[in-house]
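According to TrEMBL, the protein carries these features:
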TRANSMEM  41-60  transmembrane segment
DOMAIN    64-145  domain 'CAAX prenyl protease 2/Lysostaphin resistance protein A-like'
TRANSMEM  98-125  transmembrane segment
TRANSMEM  132-151  transmembrane segment
Amino acid sequence: MLLVLLVALAFFPKPLGEVAVITTIPLFKKRIAWTKFSPTYIALSLAVFTTAFVLDYLAMGPPSYIPAWWDVVVLTPLAEELVFRAAPFALLPPPASWIFAVVVFGALHPANPLLASLYGLALALMYRGGGYVASVALHAFNNLIWLTLAASRL
């Protein structure tokens, strides 16, 4: 199932690939932690997220182009959190799920894989501490900030 999701994201044009992934969410609904709350995981996630954001901004600066906001702020977080957090944590044992959520996420963001891995860690911590909705919200918030920074450069 995870392989099918990755293939859909890799080979279908946007937003078709993301829509294909999002439509598979009901297949996982019994195993995905939609809502939970762990203050420790959430606080740690926000600390890692803030560190990654500052390092990313210092290393790369704001982006120089503006992609479509719907893709960046809505579809991408929904699809990536399903593929990189919800599915692995539902289908893989703990060490493999964490490695997938962090390392593979970073590797598939080639502009800066190390910082993307740090973002992946923040999102995985948020998923474990707050569930799917919380990790999507943090991911969308991150993407919205970068989109706003890109728009301010025009």
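Using N, Cα and C of the backbone, Cβ positions are placed for all residues, glycine too.
Panel annotation: around the transmembrane segment (41-60), residues 111-112, 115, 118-119, 121-123, 125-126, 128-130, 134, 138, 142, 145, 149 of the same chain, lying at least six beyond its termini, place a Cβ under 8 Å from a Cβ of the stretch.
Secondary structure by DSSP for the domain 'CAAX prenyl protease 2/Lysostaphin resistance protein A-like' (64-145): 69 helix, 0 strand, 13 coil.
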